[in-house]
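Pulled from TrEMBL:
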BINDING   B:C57, B:C60, B:C63, B:C118  [4Fe-4S] cluster 1 binding site
BINDING   B:C67, B:C108, B:C111, B:C114  [4Fe-4S] cluster 2 binding site
DOMAIN    B:48-77  domain '4Fe-4S ferredoxin-type'
DOMAIN    B:99-128  domain '4Fe-4S ferredoxin-type'
REGION    B:168-187  region 'Disordered'
Amino acid sequence: MALKTETMVLNMGPQHPSTHGVLRLELEIEGELIVNVKPHLGYLHRCFEKHAEAMQYNQVIPYTDRMDYLASMGNNFGYVLAVEKLLGIQVPERVEYIRVIMAELQRIASHCVALGTNGADIGALTPFLYLFRDREYILSIIEETCGARMLYNYMWVGGLSHDIHPNFVRRTKEFTSYFKNTIVELDNLLTYNKIFIERTANIGVLPAETAINYGATGPMLRGSGIKFDLRKDDTYSIYNRFDFDIPVGQGLQGTVGDSWDRYYVRVREMEQSLRIIEQAIDQIPEGDVHSAIPKRIKPPKGTVYSRVENPRGELGYFIISDGNTNPFRVKVRAPSFVNLEILGELCKGHLIADVIAILGSIDIVLGEVDR
Amino acid sequence: MKEYLKNTWLGIYTILVGMKITFKHLFTPAVTIQYPEVKLKLPERERNRLYVNIDDCIGCDQCARACPVSCITVDTVKSVPGEDLGTTSNGKKKALWVTNFTIDFAKCCYCQLCVFPCPTECIYMTDVFEFATYERKDLVYQFSNLSPEEAEQKKINFANFQAEKEKQKAAAAAVPKPENPSQPSTN
């Protein structure tokens, strides 16, 4: 006589240190194995899109900061590009260069958190501390220029809120030269650590086809071996002037598209960001960062979709203008939200402990998932 | 068996590689500071608690309109002739009594959007960040230097002035005009 078995439902979160915020995962388990995972969202919902309808165009920018709060510069960047497209503004060269440098610094800072917490969730606390130290250095550079550590409101429609601080160029150069050492340390400490590889290689394999079907972008997609980066494939701002590579997952320690590959792509992306910063920092032209800022932002009727490559993937803004000073509708395509949907697919058949490794490699920010 | 031994060796070896790095860090100076005792010097552009230099404020309400979260409330009363409010430090003549200028720091999002439109640069962000309170109502800061009684007095003054003016107007209207207004003037 066969024993009657049934699956058990286990809640992970909303208060769980490795769900990176307030995310509740409904795990359907059979013994230790995952049958299904259902993410429950909305604990951090702040009605960004509805709020934006009641704001003037420039007042929306502080709200965009608060979506992906680890990469606020990228959020600002996407929004101002969309509104500038709507208005038809050409920003000065100096602004373009500073924006690119800021966005790339932010990408490194964001990946520092992603990699650090991915390691820390699995049990490697040391690299987390080293990466946070270097992230703090980036934040202090940005703080010196714009006055805020995380929620910058730095990029404005047509320009920037402040010109760069006199120390900015020197400190950024200092950072790029010493951060290379940190990446080597990270590689030795965590990337090629056998225990870390055992925990992440062959875990949560995302085949390229599934990734495309789910609409995954960013390191998630590139980890599956697909060379797709908006900075190259749908180039915006002045990214076409710089020379950089797009790292993709190759399955060096296991299968293409496993958690380790996603981790590895982020490490290599930081190196490429350093390359972009090094090229851009010497070329910043003279100019006035305020010269193209419009007095009153009143775009003509129309719609615009503008997308940028945020650290987590394609961040898109769809704005409808009805010719007023407030946007009629702002829709955000948040990369974390789209990437999180694949979690159920990735976790099937793995152990409960692997859910944490997989979730860490997806790198979600709940502020952006819920908005 | 060979694979097993190789994996075991790799596990030990890669940990030793990591330990070497952490050991090196024993001799590097710490980046952490003992916060309440030692404080970092904040940059000059630091964006923390707002401050309003009320002597320079002309009550134009532009900061309140720029605020995306509506945390600034400015109430003004027009001055009556004979009252001298002085000028601001950049030479603008003041014409309004600022009877109420409150900022609710529980709502403030520190975006600095209110700072840029100010014509007299009297509202700015300071580097004060330690102002936690036990009650949320303590985060509402009043910057107006008029006491509630004074503010009330200003309102009464202006209402009286307005009434006086109305009376004069009415008196002027009551006096019959010497010429017929329907006749067009010859010159």
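Cβ coordinates come from backbone N, Cα and C, glycine included.
On the structure: features taken from TrEMBL.
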| residue | record | Cβ within 10 Å |
| --- | --- | --- |
| B:C57 | [4Fe-4S] cluster 1 binding site | 24 |
| B:C60 | [4Fe-4S] cluster 1 binding site | 17 |
| B:C63 | [4Fe-4S] cluster 1 binding site | 22 |
| B:C67 | [4Fe-4S] cluster 2 binding site | 20 |
| B:C108 | [4Fe-4S] cluster 2 binding site | 19 |
| B:C111 | [4Fe-4S] cluster 2 binding site | 24 |
| B:C114 | [4Fe-4S] cluster 2 binding site | 23 |
| B:C118 | [4Fe-4S] cluster 1 binding site | 19 |
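With DSSP classes pooled into helix, strand and coil, the tally for the domain '4Fe-4S ferredoxin-type' (B:48-77) is 8 helix, 9 strand, 13 coil.
The distance from the Cα of B:C67 ([4Fe-4S] cluster 2 binding site) to the Cα of B:C118 ([4Fe-4S] cluster 1 binding site) comes to 12 Å.
B:C111 ([4Fe-4S] cluster 2 binding site) sits 12 Å from B:C63 ([4Fe-4S] cluster 1 binding site), taking the C-alpha atoms as the reference points. Classification of B:C118 ([4Fe-4S] cluster 1 binding site) by DSSP places it in coil, neither helical nor stranded. Proximity to B:C114 ([4Fe-4S] cluster 2 binding site), defined by a C-alpha to C-alpha distance within 10 angstroms, is shown by the following binding-site residues from B:C57, B:C60, B:C63: B:C63. Using a Cβ-Cβ cut-off of under 8 Å to chain A, the binding-site residues B:C57, B:C108, B:C111, B:C114, B:C118 reduce to B:C111. Counting only the Cα atoms, the space from B:C108 ([4Fe-4S] cluster 2 binding site) to B:C57 ([4Fe-4S] cluster 1 binding site) is about 20 angstrom. B:C108 ([4Fe-4S] cluster 2 binding site) carries neither a helix nor a strand DSSP state and counts as coil. Take the mean position of the Cβ atoms of B:C57, B:C60, B:C63, B:C118, the recorded [4Fe-4S] cluster 1 site; other residues of that chain with a Cβ within 8 Å of it are B:I58, B:G59, B:D61, B:Q62, B:V74, B:C114, B:P117, B:P119, B:T120, B:C122, B:I123.
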